[in-house]
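Enquirer: Encoded as structure tokens, here's the structure I'll be asking about.
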């Protein structure tokens, strides 16, 4: 994936947006691109776009963060843990922390952030568990936004701070229009965390996973 990002950066700007925190971006993206040229074209939007990082003079700098208050964080953590336990969704065997304070987002990951992909897929193949948890938590946090995130996660932010917020900020800061963007996402369904980007009118390409993303990006480059 790092090689294809380098090839893309040679031709155009690239944005990576995800529910993960910047530490995950550093491990999964930045460290693989240390010697890559044109990092000035790379835009990183952790925590579903509630944070924005750019490489400036060789250093990664945070441009903005939509931080939650301490009160918002504590209420969010208490609500999601209570609801998960009440619904029987609080797992004892996990891979890493179940609750994460990502500064601008609280994330519940049922199996932990480091859970294997196969375990994540098997936990909630229909998505029903996640949606029930989202609905229960949303009922307790009327002033915050609660969204189904990845395959086992629920994200809590301020209202309106979803991926469409991050992409809108990107357009504002770069001067790009919606037609200039092509978004690749694996959760473009109505309840997915990529859907807000589709709903705002950005051209989108549906992918299954990172392997499928790689194949479709190769197709894109071959046509350019």
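Keep in mind that glycine also has a Cβ here, set from the backbone N, Cα and C atoms.
Keep in mind that TrEMBL annotations are predicted by a computer and have not been checked by a curator.
TrEMBL lists 102, 153, 155 with the feature alpha-D-mannose 1-phosphate binding site. The Mg(2+) binding site annotation in TrEMBL covers 186.
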Enquirer: Provide, as an integer number of angstrom, the distance between the C-alpha atoms of residue 155 (alpha-D-mannose 1-phosphate binding site) and residue 186 (Mg(2+) binding site).
Expert: 16
Enquirer: Pairwise over 102, 153, 155, annotated as binding alpha-D-mannose 1-phosphate, what's the top Cα to Cα distance to the nearest Å?
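Expert: For the residues that bind alpha-D-mannose 1-phosphate, the greatest Cα distance is 13 Å.
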Enquirer: Determine, to the nearest whole angstrom, how far the Cα atom of residue 102 (alpha-D-mannose 1-phosphate binding site) is from the Cα atom of residue 186 (Mg(2+) binding site).
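Expert: So the alpha carbons of residue 102 (alpha-D-mannose 1-phosphate binding site) and residue 186 (Mg(2+) binding site) sit roughly 22 Å from each other.
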Enquirer: Please compare the binding-site residues 102, 153, 155, 186 by how many other CB atoms fall within 10 Å of each one's CB, and tell me which has the fewest.
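Expert: Each of the binding-site residues 102, 153, 155, 186 was scored; lowest Cβ tally within 10 Å is 186.
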Enquirer: Cβ within 8 Å of the alpha-D-mannose 1-phosphate site's Cβ centroid: which residues qualify beyond 102, 153, 155?
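Expert: Near the alpha-D-mannose 1-phosphate site, the remaining chain residues are 19, 20, 47, 48, 100, 105, 106, 107, 108, 109, 149, 150, 154, 156.
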